[in-house]
Amino acid sequence: MAEHHYDVVVIGAGPSGEGAAMNAAKHNRRVAIIEDKPTVGGNCTHWGTIPSKALRHSVKQIITFNTNQMFRDIGEPRWFSFPRVLQNAQKVIGKQVKLRTQFYSRNRVDLINGRAAFVDKHRLEIRGNKSVETIHFKQAIIATGSRPYLPPDVDFRHHRIYNSDSILNLSHTPRTLIIYGAGVIGSEYASIFAGLGVKVDLINPGSRLLSFLDDEISDALSYHLRNNGVLVRHNEQYESVKGDDHGVVLSLQSGKKIRADAFLWCNGRSGNTENLGLENVGLTPNSRGQLAVDEHYRTEVEHIYAAGDVIGWPSLASAAYDQGRAASSDITQDEYFRFVDDVPTGIYTIPEISSVGKTERELTEAKVPYDVGQAFFKDLARAQITGEAVGMLKILFHRETREILGIHCFGDQAAEIVHIGQAIMNQEGEANSLNYFINTTFNYPTMAEAYRVAALNGLNRIF
């Protein structure tokens, strides 16, 4: 049995693991990263962020072609199957894996394939296909990510019942689809399949879509999903899911029954903490498989850290990467350490959504004297040129100091547009001000110009 010694060992080669390993290596630590899959990238690259966003992009191009009058003059609408649009996603996945594998070799991080389990507080056992290795470490970072939560009373082995990972194995385009769970993943897939002409029933156990969003943005998403043919059912809980050779029947606790060609479960995720030997180091995950950490990403065992989806909120690839970097920054005593607690939300529905900061509801409950500046995309020259006129930018600011309190965007490129506002919000003191957008010259025509339009709109409300 081979034995190796490292300063830092990272378990999991997804975004948080990559961020942790790269940062530790840059600080001259001897680093190993352990991945139980054949290739790096984690759920983000293979089943989550990358394939779903590549799918969305392809579907959005199809929608643009089919709704643009200029294209209609030269041909009929075109429809593509789900497997066909998935081909582009597979190409992107391959490029991402190659790129990220090079990161490790270039930075002299040892990439070890195998399943890791703690033997004690300073040793890991790595079981590969043909060998067993022991690794001694000074510090460890658990970055094993998460997977879809699968209720035991639903038969996910049935060929018509999918979860948000296995849906990428779908070999045909269903005519009808039931999606259970109207969170971020469920809403994104509802947009994707509706764009392919699939009749979608979106079942929401809650009272409104994505309730953490600003109410106006949530309402806009509801409207556009319905406008694209998605039937949204709120306050519904499943009773049973039964599949047969001809379809799937969802029985709801309210007494309703819905039938479709396929069923997609998108309700909740669980941390990947099984078989890690956590009991050997005195760690116990919660009921969702997640590990508790302090403000330095340390678990209850001081030299063992955790980051990314395995610790829960916010379960975003962007935040996971920064959490991993932060965990290794604490190990290396990096002056740039920060606890990641203020991250923008990016939701890749069609149209997309992004926000950062407070919502109107939160500010109202806190009795903050705020006001609103709005810019509607239909009034922007760039949006008129591109034909992407659906959407808006909304700036929430303090009525007296003009401090920016929240940015909310709905429409094409929302996830890009939000970062301009985020950059100003993160400035200290008087630099965080609505005045920046009023006194700054923006390129024309651009979508960024929406900030000037919204700022002037908000300024006009002040008296």
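Here, residue 1 is simply the first one shown, and the rest follow in order.
Placed from the backbone N, Cα and C atoms, the Cβ positions cover glycine too.
Under the heading FAD binding site, Swiss-Prot lists GLU35, ASP36, LYS37, PRO38, THR39, VAL40, GLY41, GLY42, ASN43, CYS44, citing sequence analysis as support.
Counting only residues at least six positions away in the same chain, the Cβ atoms of HIS46, VAL97, THR101 sit under 8 Å from the Cβ of THR39 (FAD binding site). Note on GLU35 (FAD binding site): other Cβ atoms within 10 Å of its Cβ, all shown chains, come to 23.
In sequence order, GLY14, GLY145, SER146, ARG147, ASP165, ASP309 are the residues near ASN43 (FAD binding site), counting only same-chain partners six or more apart with C-beta under 8 A.
In three-state terms derived from DSSP, GLY41 (FAD binding site) belongs to neither a helical nor a strand segment and is classed as coil.
Every protein chain considered, the tally of other Cβ atoms within 10 Å of the Cβ of GLY41 (FAD binding site) stands at 24. Taking Cβ-Cβ distances under 8 Å and a sequence separation of 6 or more, the neighbours of LYS37 (FAD binding site) in its chain are ALA13, HIS46, ASN113. Taking the mean position of the Cβ atoms of GLU35, ASP36, LYS37, PRO38, THR39, VAL40, GLY41, GLY42, ASN43, CYS44 as the FAD site, the remaining same-chain residues with a Cβ inside 8 Å of that point are GLY12, ALA13, GLY14, THR45, HIS46.
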